[in-house]
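Just below is one structure, and these are the notes that go with it.
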Amino acid sequence: MLLLLGRRVTLSFVNRFTKSSPSSLSKPVFISSLLIKFRVAHSCFLVSTAVRNRGTMPERRPFVRLPTDVYPVNYGLCLKPDLIDFTFEGKLEALVEVTQATNQIVMNCADIDIITASFVPQGGEEINATGFNYQNEDEKVTLSFPSTLQKGSGTLKIDFVGELNDKMKGFYRSKYTTSAGEIRYAAVTQFEATDARRAFPCWDEPAIKATFDITLIVPKERIALSNMNVIERKPYPDDENLLEVKFATTPIMSTYLVAFVIGEYDFVESQSSDGVTVRVYTPVGKAEQGKFALEVATKTLPFYKEYFSVPYPLPKIDLIAIADFAAGAMENWGLVTYRETALLIDPKNSCSSSRQWVALVVGHELAHQWFGNLVTMEWWTHLWLNEGFASWIEYLCVDHCFPEYDIWTQFVSADYTRALDLDALDSSHPIEVNVGHPSEVDEIFDAISYSKGASVIRMLHNYIGDEDFRKGMNAYLLKFQHKNASTEDLWDCLEEASGKPIAAVMGSWTKQMGFPIIVVDQEQQGDNRILKISQKKFCASGPHNGEDCPSWMVPISICTSDDPTCTKLKVLLDRPEMTITLNSVSPEQWVKINPGTVGFYRIQYSSSMLQSLLPGVRDLSLQPVDRLGLQNDLFSLSRAGMISTVEVLKLMEAFVNEPNYTVWSDLSCNLGVLSSLLSHTDFHEEIQEFIRDLFTPIGMKLGWDSKPGEGERGGSGHLDALLRGLVLGKLGKAGHKPTVEEARKRFKDHVEGKQVLPADLRSPVYLTMLKHGDSSTLETMLKLHKQADMQEEKNRIERVLGAISAPDLIQKVLTFALSDEVRPQDTVSVIGGVAGSSKQGRKAAWKFVKDNWEELYNRYQGGFLISRLVKLSVDGFAIDKMAAEVKSFFESHPAPSAERTVQQCCENILLNAAWLKRDADDIHHYLLQRKAPPV
């Protein structure tokens with residue numbers, strides 16, 4: 001899954017749907033009344049739980065995994081959704097194995113009402129269940145039988161009903177509008193982590209794998225899709241308007257990867273070079289927008305087949321755009337679901353960053369078809385391995401498909417530095433978190449599992465070397481295919497392939513939180529350079545100075561100015577400090593630790609080493625990724641109080657000749673953090689002037705329009721387009737007059753239809769207009785939003801609406817965020833845009849979240865969108881008392897899946913406040929004196 005997170009069972013393949021055919025599924029007369037009772041009872045349960053929880057922080061509940069005395073071999077599952085009443089009927093006939101005599105079967109079940117259940121032992125008489133005991137808190141049901149079920153095979157039959165909910169999880173409804181303007185609904189699924197149990201009673205744990213025979217009964221004018229290809233389509237006997245669609249038997253797989261979609265879609269189709277049928281399903285009339293993803297997918301499947309030396313094991317793969325979708329995408333085996341913005345590309349109206357995003361998300365989800373689906377984590381504790389691995393290899397894949405994207409440099413800015421920032425907090429967590437109750441899983445779909453996970457795998461790949469890494473991966477996939485594995489299983493395979501101490505090295509990165517700061521000093525001895533390097537834990541509040549300082553096994557690479565792209569020496573720092581001799585390094589050469597910015601650590605150079613590196617920023621002799629890393633490390637050291645922020649501002653001014661998009665992107669991000677911090681002072685305008693001065697030369701050089709031959713001469717038109725959008729947006733927001741005036745002119749032409757803005761310029765122009773706009777600007781933007789046919793354009797507008805300045809207009813934007821005009825999953829980014837744009841916006845957004853908490857919490861049902869909402873709303877505060885206010889609010893309004901996020905936000909607020917107290921005066925003084933005329 002991609003986010004805008006015991007025992008090994010080997011079962012034989014079985015293809016069986018015993019006795020009665022799915023056609024016999026018809027509506028028992030009492031279902032409707034039962035369903036109403038079930039809904040009332042369920043909502044009463046929710047209310048009583050909410051009342052019970054109010055005012056207390058929920059404790060971690062004791063959790064017991066499902067008993068092992070009965071396990072499934074094959075699920076025969078038939079579902080009949082009602083797209084008008086938003087209910088569904090289901091019939092399950094599961095071939096099971098009883099391993100120990102018992103008179104009850106415990107399964108997962110949530111928001112489902114069981115009508116009848118029975119067990120038929122192989123060759124024996126049917127035994128009807130006499131009771132269904134629902135344990136709602138644990139999302140389990142116990143089926144009781146009047147006699148003992150003996151060891152051996154049998155068939156468990158269950159008839160049940162449920163609701164097509166609107167919570168974007170389980171089996172849910174997704175709203176869309178037809179070209180004629182009619183509102184309709186699709187029925188779709190999102191089962192990771194633990195929501196298959198909302199669609200059918202099942203053993204909803206990743207290690208309990210089985211095969212699936214799925215049949216869907218659907219309106220005949222709708223498309224029905226599932227993990228496998230359709231093998232039979234026939235009229236449904238009880239209703240001529242319905243079709244019965246039967247799918248081929250799946251491989252043995254986990255429940256969280258099962259999927260079905262019923263709706264109206266168009267598609268484009270191709271075949272990969274290794275013979276797999278690939279289809280991209282789009283909203284009706286938008287098939288053209290699926291072509292880019294189709295091209296990426298057909299290139300990606302053979303790339304992974306070759307990389308893993310294991311073929312894709314299913315006959316087809318479908319990629320489908322879903323209107324209402326909480327995550328970015330989900331890797332269901334053979335039927336990958338996406339937000340529209342993560343899959344659809346319109347050649348005229350999609351910007352370069354959207355194309356890149358689609359390529360990365362497709363690469364991520366297709367990697368999971370092997371790493372996650374074919375070999376699955378044994379329990380949610382190992383989720384990081386699925387997500388970290390896919391988040392690393394998506395970049396490898398995009399680099400293969402689009403080398404001109406320079407994507408590995410972008411990885412450092414997008415994932416690596418983001419993970420370092422989160423992992424420096426005291427409220428971080430190890431990559432590998434022991435998960436008990438499934439409600440804890442949502443908490444670890446975060447930047448540690450994804451971005452730190454990907455960063456340490458990148459470091460590991462670099463440490464092992466590509467050849468041995470691939471050898472180990474192949475051994476792992478072959479050994480555990482169709483089974484479950486743990487993190488240690490992967491380390492064993494990589495250790496065997498490489499002969500290096502992988503388990504020991506990686507254990508230090510996955511089992512303890514945080515990372516080291518590598519402190520480096522040097523002296524010259526004749527022709528040799530002696531380096532003294534040491535490690536200690538890096539904390540966002542400053543270096544760890546306690547007695548019990550953790551340490552890591554750190555792969556360290558070193559290069560010199562003799563050849564900045566080539567590693568001169570590699571060592572494994574497996575103790576607190578060591579001394580290294582670099583032979584034949586003359587006094588005038590500089591030495592750089594961590595070339596390529598691959599090792600997951602920060603570096604603190606002695607002042608002489610740092611001074612010798614700085615010219616490499618100006619003259620571009622340091623690689624782009626190392627110029628970025630140097631600046632990012634110093635920025636973090638300033639936030640932690642280890643150097644003055646003024647030192648970083650001076651370094652930033654050395655980037656005046658910088659041509660690289662990703663380096664500017666990282667600079668821009670850090671200046672955004674600083675600008676947000678200084679919005680709490682009365683000299684916010686001075687930092688805007690600094691930003692204007694820094695970005696004006698590159699802005700002048702790029703201009704507003706792409707130049708003939710851009711992207712040739714070894715450059716990339718793609719990267720130039722990204723850089724132009726970034727720079728113009730930064731200048732416009734900071735009030736650079738010529739940029740604001742040009743944006744006004746182009747916006748007017750765009751709105752009047754004289755000259756449509758190129759997609760790459762829309763975000764910066766919209767942002768600039770709103771930042772310096774009034775109520776009529778906002779009205780025009782909302783009108784453009786309403787007219788937009790493409791979700792990408794709607795999202796583009798939603799993300800920048802918060803830039804408006806007037807308090808009454810800020811309120812209007814916040815009200816708009818909860819309106820029907822905004823899809824539920826996108827409300828979060830509208831509110832976040834308000835909070836991130838100004839001091840007034842931050843206060844207003846936080847008040848709005850508090851005032852509307854019940855509605856927002858209910859909308860996202862405690863999923864990971866709640867964590868995102870919390871972070872975006874409060875992370876930018878910089879006053880001690882705000883940390884106390886945030887903490888106190890969430891003590892009286894518990895959000896279990898966001899508990900850790902709340903702690904992290906409170907810690908960030910206190911860090912911001914300390915940073916401001918410590919450095920504000922010095923920063924102010926520097927910003928004033930740099931403009932003072934020379935005496």
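Placed from the backbone N, Cα and C atoms, the Cβ positions cover glycine too.
Quantities reported herein were computed from a predicted structural model and do not represent experimental measurements.
Features of the protein shown, as given by TrEMBL:
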- Glu365: active site, proton acceptor (ACT_SITE)
- His364, His368, Glu387: Zn(2+) binding site (BINDING)
- 72-257: domain 'Aminopeptidase N-like N-terminal' (DOMAIN)
- 292-509: domain 'Peptidase M1 membrane alanine aminopeptidase' (DOMAIN)
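Distribution of TrEMBL features across the structure.
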residue: His364; record: Zn(2+) binding site; CB count, 10 Å: 29
residue: Glu365; record: active site, proton acceptor; CB count, 10 Å: 29
residue: His368; record: Zn(2+) binding site; CB count, 10 Å: 26
residue: Glu387; record: Zn(2+) binding site; CB count, 10 Å: 28
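Annotated pair Glu387 (Zn(2+) binding site) and the residue listed as 'active site, proton acceptor', C-alpha to C-alpha distance, rounded: 10 Å. Take the mean position of the Cβ atoms of His364, His368, Glu387, the recorded Zn(2+) site; other residues of that chain with a Cβ within 8 Å of it are Met1, Leu2, Glu331, Glu365, Ala367, Phe371, Gly372, Asn386, Phe389, Ala390, Ser391, Glu394.
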